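> Shown below is the structure under consideration.
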Amino acid sequence: MFLAWERLCTLSCRPKFLKTVWASKILGLSTSAKMSLRFKNAKRIEGLDSNIWIEFTKLAADPSVVNLGQGLPDISPPVYVKEELSKIAAIDNLNQYTRGFGHPSLVKALSCLYEKFYHNKINPNEEILVTVGAYGSLFNAIQGLIDEGDEVIVIVPFFDCYESMVRMAGATPVFVPLRCKPVDGKKCSSSDWTLDPQELASKFNSKTKAIILNTPHNPLGKVYTKEELQVIADLCIKYDTLCISDEVYEWLVYTGNKHFKIATFPGMWERTITIGSAGKTFSVTGWKLGWSIGPKHLIKHLQTVQQNTVYTCATPLQEALAQAFWIDIKRMDDPECYFNSLPKELEVKRDRMVHLLESVGLKSIVPDGGYFIIADVSLLDVDLLDMKDSNEPYDYKFVKWMIKNKKLSAIPVSAFCNAETKSQFEKFVRFCFIKKDSTLDAAEEIIKAWSRQNS
C-alpha cells in the first residue's frame with residue numbers, strides 16, 4: 001500500500017518536474033538566473049539602490065579621515081539631556097512599549113512648546129505624531145497622503161530622500177530650482193538663492209498634490225523670508241495643495257535672520273505637515289526621533305502608516321527627550337537655553353569656516369541657517385584622471401580623491417540634485433561645521449597645507 005502510494009505521488013509530481021526542466025532548457029536559464037528573476041526588486045524601488053550616505057559614510061569611516069561630510073555632530077549633547085536618559089534607563093516601566101503615536105509626556109511637551117509659535121492650541125494626541133527621526137515623518141506623510149499619479153513639487157537642491165520617497169509612492173517629482181542672484185560687493189550668501197515666482201507657479205496644476213519645503217535649507221542654509229513663504233502659501237491655497245514643511249534646523253538661524261513657520265500663515269494650518277527633529281534640536285542624531293505636527297484630518301493618515309510599519313518609537317529616548325524639552329521650555333528667554341546657545345556657538349564655527357575657505361581662495365556660500373557650508377572647488381587644480389568611474393559627476397570624484405589623498409571628507413552637492421541639474425552643482429562640495437574645535441583645527445591644517453602645495 002505504501003509503495004503504491006509512493007509511486008503514485010512520484011508520477012503525479014513528474015509532469016511538473018519535467019515542465020520545469022524543459023522550460024529551463026528551452027530558455028537557457030540556470031537555476032540562479034531563474035531565482036534572480038523570481039526575486040527581482042519591486043518596481044517601487046527601481047533605481048533607488050544607490051545612496052550617498054551609505055557610500056560616503058563608509059569612505060569616511062577611517063579614523064585618520066577628518067569627517068566634515070555627514071551632518072554628524074561630534075560636539076557633546078547638553079549634559080542634562082544625557083543625564084535624563086541615564087536616570088530613565090533605570091526605571092523599569094519606561095523600558096517597555098509606550099503609546100504608538102508618541103509617548104504621552106513627549107507629545108505634551110511638544111504641544112506646550114509649539115503653541116508658543118502657532119498661537120493656537122495643539123492637541124497632543126491628535127495633532128502630533130512622534131516618528132523614527134524626520135525620515136519617519138517624511139515617509140509617513142508621503143505614504144499617507146500621496147497617491148500614484150500625483151505630482152509633488154521638489155525644490156532643487158533638496159535633501160536626497162525627497163525624490164526617492166515620492167517615487168516609491170508612485171508619484172512624480174516635479175523639480176523647480178533655487179537660482180542664484182548675487183548682490184554686487186557682497187559675499188555670496190544663501191539668501192541670494194531664490195525661487196522665481198513665475199517659474200514656481202508654472203509647476204502647479206490640477207495634479208499637484210503637495211510641495212516639499214525645507215527651511216532652513218539643506219544644503220544651502222537658506223532661510224526663507226516671510227515674503228517668499230507667502231508666495232508658496234498663496235499657490236498652495238490657489239491649487240488646493242498640501243505643504244510638507246521640513247523644519248529640522250528651525251533653531252539654527254543666524255544673526256539678521258528669522259525662521260517663519262508656513263503653517264502659521266492664513267489658510268495654511270489645515271494643509272501643512274510640519275516636521276521637526278530631536279537630533280538637530282539637541283545634537284543627538286543617534287536617537288532617531290522626529291515629529292510631525294498638523295491638523296487631525298491629516299495627522300490621522302500618518303498615524304495609519306506608522307501603526308502598520310514601525311508602530312512605536314523607543315520609550316526611554318522619548319521620555320528623556322520630553323524632560324530635556326521641559327528644562328528648556330522653562331528658560332526660553334535665557335541665553336543658556338540650548339535653543340539660544342547652540343546657534344550662537346555654531347555661528348562662530350560658521351564664520352571660522354568662511355574665513356578659512358576665503359584664506360585659501362575658495363568661494364563659499366555663507367549659510368543663514370543650518371550647520372553646513374558649500375564651497376566652490378573649481379579653482380583647485382586636482383588631477384582626477386585616475387578615478388575609476390568616469391561617469392560620476394565631478395564633485396563625487398573630487399570628494400573621493402580628497403578623502404583618499406588629503407584625509408578630509410565632504411559631501412558632493414550634486415547628490416542633492418535631480419539628473420537634469422547635477423551639472424550645475426558638480427563643482428560644489430558641502431562641509432559640516434557642527435564639530436569640535438579640535439576637528440575644525442585638523443581640517444584647517446589640511447586645507448592650508450593643500451593651499452601651500454598649490455601656490
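Glycine is no exception: its Cβ is also placed from the backbone N, Cα and C atoms.
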> Which of these, Asn214, Asn218, does Swiss-Prot list as part of the substrate site with Gly71, Arg430?
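Candidate in the recorded substrate site: Asn218.
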> Taking the mean position of the Cβ atoms of Gly71, Asn218, Arg430 as the substrate site, which residues outside that list, in the same chain, have a Cβ no more than 8 Å away, listed in sequence order?
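After dropping the recorded site residues, what remains is Phe159, Pro219, Gly370, Tyr371, Phe372, Ile411, Cys432.
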> Lys116, Lys280, Arg430: which of these recorded positions has the sparsest Cβ neighbourhood within 10 Å?
Lys116
> Could you tell me which three-state DSSP class Arg430 (substrate binding site) falls into?
strand
> Can you tell which of the binding-site residues Gly71, Asn218, Arg430 lies nearest to Lys116 (N6-succinyllysine) in space, using Cα positions?
Asn218
